[in-house]
Every structure is written in structure tokens, then in C-alpha cells.
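One structure below.
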Amino acid sequence: MGEGPRRQRGPRGPPSPGGGHGVGKAAGTGAKELTTGGLGARRDEGKSREGAVRMVRRSRRRKLQKVTRLCGREEGLRVKRSCPSCGPEPGGEEKKGRGNPISVQLFPPELVEHIISFLPVRDVVALGQTCHYFHEVCDAEGVWRRICRRLSPRLREQGSGVRPWKRAAILNYTKGLYFQAFGGRRRCLSKSVAPLLAHGYRRFLPTKDHVFILDYAGTLFFLKNALVSSTLGQIQWKRACRYVVLCRGAKDFASDPRCDTVYRKYLYVLATREQPGMVGTTGSRACDCVEVYLQSSGQRVFKMTFHHSMSFKQIVLVGQETQRALLLLTEEGKIYSLVVNETQLDQPRSYTIQLALRKVSRCLPHLRVACMASNQSSTLYITAFDPLDQQMPLALSLPAKILFCALGYNHLGLVDEFGRIFMQGNNRYGQLGTGDKMDRGEPTQVHYLQRPIALWCGLNHSLVLSQSSDFSKELLGCGCGAGGRLPGWPKGSASFVKLHVKVPLCACSLCSTRECLYMLSSHDIEHHPTYRDLPASRVVGTPEPSLGPGASQDPGGTARACEEYLSQIHSCPTLQDRMEKMKEIVGWMPLMAAQKDFFWEALDMLQRAAAGVGPGPPNPES
């Protein structure tokens, strides 16, 4: 189609009639132009849209000038990017035709806070790091109050803490439950449904069919697995896709301590309930109670109420179904226990259960327990360390205070105040991460891992959630790799190796079942493990003062460890075995996360080249 003469500028006339391919007159001229009707319509529509955008911008500019009382300036308004406290803006000389710069500090603080509150949380944090002025504005409680109400409109109370609104906003911004199934085609990280009523995530527990989550407001949520229709119209089974509120006022909850979720039939919830007063008195009293729910349906089948003078903060279970022992930890650090028969919980009846003081609290009344952990037959107590108490027994010989622990089927892990990890117990599958398969009767330090975020011990494998120097999270694992328990390492490993799992940025705890790996994401600005720096005299590898010419120059044993590594590699019969052993050794070494990734990728490339897999031919000399 030929091209007509150019359109002459002039006053616009009425649109020419006709559609499709036609000939119309240009406005203000007698020239004719051959165009397509669709192109002309799109051009007119684009011009009208641009005009509407300019009108909206002009109205916004006028409103801003009216609010800030800066109208009347003919030369216009230009906002200065940097504040006066940070020095003059580079290249900020007055330019002709642009007017004088206006400082951000001249705006009303309420207006600036209102504008910033519409930014995403990530951008608010980044803006607060630009200068001192924006740091104070972005850190104001008014900004975080608006952000919190935008993220959680149903949250009426800001919670507790020094910075309640900022804490509440970040808790609700970072909350999430992620899972990765071990079987099936899709082995990627998925996210569960997020309850709108949840105020952050404090802890979670997967059961046989569903997942239970407790938030910071004491509300226990019941996340159900259900059949849903996909985008393609197919019916598929999806995990944690629907939720209901199970109960409120919950303090803690527990289920069968065994690693296999098949045994988790009941859920025990420690909660606070208002009880009516005695006869002749007015009002009600808050009493602690234990409510038992069926994990399959969420139906309450049993309830036991305690005296109002007793206040508990944690509950764990020990023993078999017929002799299930409930251990309750009080606010004062005392442990009480009671025994129930789970096989009779579904029978409607009422009876009295006697609380008994646990032996550890009865024989050692001065001992204050901070928290507990349990498995099917054992219980681990972490006590409040008192250096002036010379009579406090130490069941485990440890060099420092323990912050948190994990108890598996037949092994355990401990993390002390310096961030060191100690493992003890059965090591048949290498679940202790010591590089061998020898059992440990005493806590043994894993030297190449420090300052973990979370530690989890399972049936015959262990997991560690750690943070690298660039604040990214990574998941390490050791032990048996059967059934996909260690993604990327199907044969398992006797040392902690990096798993092929994408870890969320704010992951804080984890749990693994037979079918799935779970990770809880939540960031609490007022609660995080604060590790102390290890004294220089106790750091492994720190050079000691010279004791003479014959003194050892390798106090940390680095040279001896390297010699042991070489001997282990030399003892492997094949090249593939040597490559696998070298990967394990890289995991043992105290290297940075990027360095470990580099060596592991390089070893994988060499291993594929040696096996003849890959784009290049195998090297005959290898």
C-alpha cells in the first residue's frame, strides 16, 4: 500500500467517517492521506491516554503544592534527593529554568510517613539505609503501624515488645510455611496457604494428614490437605491448601514424639481458659488446661483442667499410646507429669488425674529447667546455668551453656552459647556428621559448622539450617539419604553437605517427615540466638605463645587433619569413590559457603567428565 503525504499540523477537525481501509482528509489542509483505520484508532487512543495521564499528573502536582503550601512559584517545584545532614547533593548546582531545590525536610512529617507507608517492607528497609533523615522516618512507629494495618487489617492489637508495630509488621510480612515433597515429579519448594488471621508464625507441627501452626497471638491453625482443581481443570491432591482456626488462647502443643507421622493420631494443646468462679463468688478465673484433638478432623475428644495457681509454658510427650506421659513445665522451672491412655480418650467419661512432680524436680529442688525435648523413650532437659552453684549436676560434660537442642530417635544435637554444634549417640548411618560411622558416647563437636539457625534430628539423619556471610540461608544434612531425605545426596553422607533445596530468606525452623521437608519462615526482630565470641585461648587453630623450638606449630591439628583426609582418599578403590570422598571432605573443611559450592561444582564436572557424561569427551588420563 502506498504512503500518502505527511500530515499537516493545524487545528483538529471532526473525525472522518468510514472504517477499514479508507481515504480521509487531514485536519486544516486539503491534502489526502491513505491510512489504515486500525492504526489511526490506536494512534488516537494513545494520544487520549497520554492526555489523561498528563491531566492526572497535573492534578496530583497541584494537590501536592496545595498541601505543602508551596504553590505560587512560577518556576516549578523540585525536591532535593538528599537531606542537609548528609551534605550537598553531588552536581546539585542551580540550573537555569529548573528553579531552586526544595529539601524533603520541608514536607510535613505526617505526609512523608503516609507516602512511605505505601512502599513494600523491603523498600522501606532499603530507604532507611540511605541517610540519617530517612532512617528516622522509616523507623518511626507511625509508618510501621500503617504498614501493619495494611498487611493484617484484622489485627487490632500491636502486640508486645519495645517496637510493637514494627515487630508485628515484620512478623506478618515474613510469615510462611514452605514444603518440598521427596517423591513425585515436581521436587520444588512450594508454599502453603497463609491464614489471614495469623499474627506471624511461632512454631508448627506436621501430623499424619495435616499441619498445625501456632501464631504469636496464641491462635492455633489447622492447615488441611485437600483435593483441588488445577488451572488445567485436573483434580490433584495438594498439601496445606485450606485452613480453619482450631482454638485460641494456646500456649504450646505436642503430639507423638516419634519421627514417623503415622503415629501422630492426637494433638495435645496447652491453653488458657476462663473458668466460672466458685459458688458465692463473682467473676471468673483463668486456668490452664490440656485439650486433646483428633488430628484427622480437629474434633476435641478430651479436656483436663488444672488449678488456677498452676501456670505452665511447655508440654512434651513420652512413652507408648497405652502409657502416654505428659510432661508439663511450669513458669518456675518445675516439671510435673501425668499418665493417660490414648486408646480410651474417645470414650465419653469424666475422671480425676493426679499431677505428680517429676523426679528431676523432686530430687533437685534448686534446679530450674528452661526447656525440654523428648523422643519415644527419653527426655532432654536444658537447665538455667548458674556458675555459682557448685552442686548442680551435669549429666552431659559440656564446656559451655546450651542454647537449644534437638533429640532424634537414637541421637541428639546440642548448640552452645558460642555457636558450636555437639552431636552424641548412634552413628550407624553417619547422622552425627563427624565424617565416620562410629558411635559417640559423649558430646562430640562438629568443627566445620558454627552458629546455626536451627538444628533438627530425625530417625537416622540430621539437618542444620545455617546462614552464610551474604545473609543467604542454606540447608545442610547428613546421615541416611534413602527416600530422598537428603535432596541431591541419595546415597547419604557421613558429614554435613549442602542439600539441593532453595531455602527462604527468613527461614527459622525446619522439620522432616517420611514424605516431605518443611521449613517455617518468620523473622522476630526481638528474638534471635545471640552467640558470644569464643575466647582467643579456646579457638581451634589459634596460635599459642611459643614454648620453645620443639613446641608444636600446629595446635589446631590442621596438618594432621589434612594427612588423614589424604589417607582416606587413597584408601578408596575407584575414581568415583575418591570423588565422593573429596566432596565429603570439602563439607568438613571450615570454608565459606561460596567456596564450598565452587569445589562441589568443580568436582561434579570432573566426575561427569571421567564417566563420559557431558558435552566434552572423557579424559583418558583420568
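Placement of Cβ uses the backbone N, Cα and C atoms for every residue, glycine included.
TrEMBL labels come from automatic prediction, so no person has curated them.
Positions annotated as region 'Disordered' by TrEMBL: 1-65 (among others).
The compositional bias 'Gly residues' annotation in TrEMBL covers 18-27.
Marked as compositional bias 'Basic and acidic residues' by TrEMBL: 41-52.
The compositional bias 'Basic residues' annotation in TrEMBL covers 55-65.
According to TrEMBL, the region 'Disordered' annotation covers 81-101 (among others).
Residues or ranges marked as domain 'F-box' in TrEMBL: 101-147. Per-residue pLDDT, averaged across the domain 'F-box' (101-147), gives 87.
What TrEMBL lists as repeat 'RCC1' is 419-468.
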*Using DSSP, break the repeat 'RCC1' (419-468) down into helix, strand and coil residues and give each count.*
0 helix, 29 strand, 21 coil
*asked:* As a quick check of your reading of DSSP, tell me how many residues in the domain 'F-box' (101-147) are helical, how many are strand and how many are coil.
replied: 32 helix, 2 strand, 13 coil
